[in-house]
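Straight from TrEMBL, the features:
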type	residues	note
REGION	1-21	region 'Disordered'
DOMAIN	27-348	domain 'Acyltransferase 3'
TRANSMEM	31-48	transmembrane segment
TRANSMEM	68-84	transmembrane segment
TRANSMEM	105-129	transmembrane segment
TRANSMEM	149-170	transmembrane segment
TRANSMEM	177-196	transmembrane segment
TRANSMEM	202-222	transmembrane segment
TRANSMEM	234-252	transmembrane segment
TRANSMEM	264-284	transmembrane segment
TRANSMEM	291-312	transmembrane segment
TRANSMEM	332-353	transmembrane segment
Amino acid sequence: MSNRNDLPAHDAAATRPAPDPHPDKLISLEAGRFFAALGVVLFHYTALVEDFTHVTVLANIFRPGHVGVPYFFVLSGFIMYHVHRRDMGRANAVRYFAVRRAIRLFPMFWGISLVMLIGFLMVPSLAVNRPPSMQGIVFDLLLLPHKDAILAISWTLRHEVVFYLFFSLMLLFGNRALWLVGLWIFASLTGAAFHLDRLGLGNWSIVGSNLNLGFGLGILCAMGVARPSDRHPLWWIVGGGGALALLGALEWHLGRFAPHGEHVLGQADDIGYLIAAAALIYGLAKMEKRLSIPGAGLWKMLGGASYLLYLLHQPMGSVLVRIMPVSGLSPLALFALVTLAATLASVMAHLLVERPITAWLSRNVRVAKPVAASAAAA
C-alpha cells in the first residue's frame with residue numbers, strides 16, 4: 001500500500017507521530033487473517049498427529065478449523081475491493097495491481113515449492129504419488145490448474161489467480177464488470193450443485209467450487225463498508241461470529257469420528273461458512289470505523305505472517321513429525337510442539353525473509369502508480 005508543518009521541518013517531524021505506512025489496513029481483519037490460518041493449521045495437524053500416533057487429540061475439537069479457507073476467500077474479495085475501490089474503471093491501474101499482486105503472491109510460493117521439489121527429487125518417496133513432471137512443474141509455478149501440485153495446499157491460490165483476472169476487468173471497466181464476477185460465481189455454484197467440486201476436478205475446481213462465492217461476498221461487504229450507515233455493526237459481528245460457532249459445533253458433533261476430508265454438512269458446509277464469514281468481516285470492518293483496535297503492531301505482524309503460515313505448515317509438519325522423538329512425546333505434546341514450531345517459524349520467516357524481499361521488489365520493480373490510485377494491497 002502507498003504511504004500516508006510554524007516549526008522548523010525537523011522539529012515538526014520530531015513532534016509528529018510516524019505515519020501509518022498501511023492506512024487502508026483494518027487491524028481486526030489482520031487478526032482474523034492470522035486466526036484463520038491458525039485454524040487451518042490446527043485442522044491439518046490434528047489429522048497429521050492422528051496418522052502418526054493413531055490418537056485423535058482434544059476429541060477432534062479443531063475439525064471445523066478448515067473454516068479458515070472460506071474466511072480467506074471472503075477476505076480476499078473484501079480486501080481487493082476495499083483497497084482498490086477508487087481505482088475502478090481506471091485502465092492504468094491494471095498493470096500496477098498485477099505487479100503488486102505478483103510480488104505478494106509468488107516469491108514465497110516459488111521458494112517453498114522449489115525446496116519441496118528438490119526434496120522430491122532427492123527422496124522420491126516424499127512425493128507420495130505426486131511424481132514431478134516438467135509440464136507439471138511449469139504449470140505449478142505459474143499457478144495454472146493441473147493435477148498433483150507440489151504444494152498441495154496451493155489449490156486455493158489458483159482460485160485467487162482467476163479472481164484476480166476477473167478483478168482486473170473491474171479495474172478496466174469499473175463496477176459494470178461486476179456481472180462477470182457474478183457469472184463466474186453462478187457457474188461455480190452450478191458446477192458444485194452437480195458435484196463438480198474439488199474432489200471431482202482436482203485443481204480445476206476453479207470452475208466448479210462453492211468457495212468462489214466468497215470473492216463476490218467479499219466485494220459486496222467492501223461496497224457496504226464504504227457507504228455511511230447509522231446501524232451499529234455489533235449485530236453483524238454477533239450474527240456472523242455466532243453462525244460460525246454454531247456451524248462449527250454442528251460439524252464437530254456430526255463429524256468428529258468421520259474422515260477429515262468428508263463434508264458432513266453437505267452443500268451447507270462451504271456456503272454456510274462463507275455467509276457467516278462475510279457477516280463477521282463486514283461487522284468488524286464497520287466496527288473499526290468507530291473503535292481503535294489495541295495491539296495494532298502485533299496484529300499487523302501476525303496477519304502479515306499468515307500467508308507463510310498457510311504455505312509452510314503442511315511441509316514443515318510432515319518433516320517435524322518425522323524428526324521429533326515421537327516415542328517420547330504424548331500425542332498432545334507432539335501436536336502442541338509442531339503447531340508452535342510452525343507458527344514461530346512462519347513469523348520469523350516473514351520478518352527475516354518475506355518482508356525484506358517484498359520491500360526490495362517493491363522498490364526495484366518499477367511500475368507507475370495509476371492516477372488517483374488507492375494504496376496497493378498488502
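Keep in mind that glycine also has a Cβ here, set from the backbone N, Cα and C atoms.
Within the same chain, residues 56-58, 60, 62-69, 71-72, 75, 260, 280-281, 284, 293, 299, 302-303, 305-307, 309-310, 313-314, 317-318, 321, 335, 338-339, 342-343 sit at least 6 positions outside the transmembrane segment (31-48) and bring their C-beta atoms closer than 8 Å to a C-beta of that stretch. The stretches the transmembrane segment (202-222) and the transmembrane segment (68-84) are in mutual contact, each linked to the other by at least three Cβ pairs under 8 Å (pairs 6 or more apart in sequence).
Using a cut-off of 8 Å between Cβ atoms, the transmembrane segment (291-312) and the transmembrane segment (234-252) share fewer than three residue pairs, counting only pairs 6 or more apart in sequence. Non-local neighbours of the transmembrane segment (105-129) in the same chain are 137, 140-141, 143, 148, 150-151, 154, 157, 160-161, 307-308, 311-312, 315, 353-354, 357-358, 361; each lies 6+ residues outside the stretch with a CB under 8 Å from one of its CB atoms.
Counting Cβ pairs under 8 Å that are 6 or more residues apart, the transmembrane segment (68-84) and the transmembrane segment (264-284) reach 3 or more and are in contact. For the transmembrane segment (149-170), the residues of the chain that approach it from at least six positions outside its boundaries are 69, 72-73, 76-77, 80-81, 84, 88, 94, 97-98, 101, 105, 109, 112-113, 116-117, 120, 130, 132, 136-137, 140, 143, 177-178, 180-181, 184, 198, 202-203, 205-206, 209, 211-212, 215, 310-311, 314-315, judged by C-beta separation under 8 angstroms. Residues 26, 28-29, 32, 67, 70-71, 73-75, 78, 192-193, 209-211, 213-214, 217-218, 220-221, 224-225, 233-241, 243-244, 247, 250-251, 254-255, 258 of the same chain, all 6+ positions outside the transmembrane segment (264-284), place their C-beta atoms under 8 angstroms from a C-beta of that stretch.
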